[in-house]
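Input: a single structure, listed below in structure tokens.
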Amino acid sequence: MSDRHAGSTRYQGGLSDAPSTLTTGSRPTTNCPPPTGLSSPGNSSPYTTPHITPLPRRQITVLLMMGVTEPTSFTVLFPFVYLMVRDFHITTDPKAIGLYVGMVASAFPMARLSTGMLWGFLSDRVGRRPILLTGVMGSIVCSLLFGLSHSQLWVILVRAVWGGLNGSFHIAKSIFAEITDETNQAKAFSLLPCCRNLGIILGPMIGGLLSNPVENYSRVFGESALFANNASQNSASTMVPCSYDTATQSTHYNTYQGNGIKKPSPDAEGGTNGGAESSTGLNSPSSPVGKPPLSARESLAIAFNRDTLKFIAGYFGLALLAIMFDELHPVWAATDPDLGGIGLTVQTIGLTLSTSGAAVLYVQIVAYPKVQRYLGSLLRFRYGAILFSVLLFTFPFISSLEAYRRTAPYNTADSSSTFASPGQQQPIRLITWIALIVALFAKVCGNTFCFTSAHLLINNSVPSREALGTVNGFSQSVGSLAKAIGPIMAGALWSWSLANGYSFSLDYHFIFIIASLIALATYLVTFTWHPRINRQAFAKTTSKSVQPGGNANRAV
């Protein structure tokens, strides 16, 4: 049977047909310590403790820097988008602003939906590097254009182009799967949420602290004709944060452009070769050396096999509820407490978003490795989904604390105050902040457990490395569909719930209850997943055997 034919048939059975371990002859190689007396220096017994392959530090570092670009681009507008849309004067009804905010937030993922699978497919054909550089250059140009926006239509068009050119994060996931093996895969993929959430820290921080510089930094920008005399203050509100965002992305581009990553050698074919500086193959197609790439039909057959579709369905639910929360939080926080919000300022909203992003670094670096020792990727995803469900149901009750504070008979302070005021009012205000911080920290934990596990599970479901880009591109398109639907649905339901005059549960709690049910449905979907998803599928199919004492990572 030819290699091509084998490559086109090995995925048909999905995960259920993959062997559970790499084999040497007829005896299994396990991750358990060897029995006493069975291994010694020079002994070729298969019962030897596997060598943990070092991570290729240079390539990992560059990819993580690239991975910061996409979440920064996506989140930079969240702190000021509500006020920006309000100042477009599209509507005079504050209850309807959420709908237009949802339209702006959806433009980015809607465009990415149409291009995600295309970028993934092209990366399997022309190499990963050209696609990554295209995404970063697109972000640089679109950041500046978005900063010059002066109308709703302009904003939506620029965000659409921005999203269509941005597919770096999911291409980076394909590269991570190619340069790691089962001994270091979990460690490498646990770094992805770090760069994603670093972008979540930088985006709101840039957008919140640097928005509306004419008012907030009048000594610096007050005399500038570009900002002070612009007919629309929205340009002044967005140009500075987006220019700073552009500078950040330019640094990533220059670092990546000059890093000198080499083409793969035959020795690195099965994955990393044990060295800290192994080649990634970013400049070349992902097919093994000497073997023709899979056809478009074969790649699509892998991307749409039954097992992979199950995992991507779970990823859809996760992406949907995550973007609904990300879009609802600033809108809810800026809404007056009488309408179900807590009345925070733009700067404070940006601070809360950045603080929750910073908490990810603690969860990812300290808490996640400890949980990882006891739970596989599948269980971590399930626990994260349940945590999301509970959080989303209870989150809107925080506004009840703030509403009580403002209606209390002893409350004489200014209701627009951002922080705690003196007197008897302070304990209630402190409780509101404590509840908000605890809720955001719980959201961080759910995000970290779910998304880190999802990246691993989707890549583990791919039976052939030649289709990694296609599958990750397809998952990006599915995630983008969720991120396109989520903001519009959340904004429309939020506006409807404020305007209908109904009581609980059809008031401002309604959209949070819907999101909680989506999280619960995502949890239930995981029980249809094959338990072998915790192991990498394509590493087993490309490695036909492992010689005693050899590298379990190399194809022979």
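Here the Cβ of each residue, glycine as well, is placed from N, Cα and C on the backbone.
The annotation region 'Disordered' is assigned in TrEMBL to 1-52, 255-292. What TrEMBL lists as compositional bias 'Polar residues' is 18-30, 37-51, 275-287. Annotation source TrEMBL lists domain 'Major facilitator superfamily (MFS) profile' at 59-534. According to TrEMBL, the transmembrane segment annotation covers 62-85, 97-119, 131-148, 154-172, 308-325, 345-369, 381-401, 430-458, 478-496, 508-529.
Through the fold, the transmembrane segment (308-325) approaches residues 14, 105, 109, 302, 381, 385, 388, 392, 395, 443, 447, 450-451, 454, 457-458, 461-462, 471, 474-475, 478-479, 481-483, 485-487, 489-490, 511, 515, 518-519, 521-522, 525-526, 528-529, 533 of its own chain, all at least 6 residues removed from its boundaries and within a Cβ separation under 8 Å. Packing against the transmembrane segment (154-172) from elsewhere in the chain are residues 63, 66-67, 69-71, 73, 77, 84, 103-104, 107-112, 114-116, 119-120, 123, 128, 131-132, 134-139, 142-143, 145-146, 192, 196, 469, 472-473, 475-476, 480: each is 6 or more residues past its ends and has a CB under 8 Å from a CB in it. Counted as Cβ pairs under 8 Å, contacts with the transmembrane segment (508-529) are highest for 478-496 among 97-119, 345-369, 430-458, 478-496.
Counting Cβ pairs closer than 8 Å and at least 6 residues apart in sequence, the transmembrane segment (97-119) and the transmembrane segment (478-496) reach three or more and so form a contact. Averaged over the domain 'Major facilitator superfamily (MFS) profile' (59-534), the predicted model has a pLDDT of 74.
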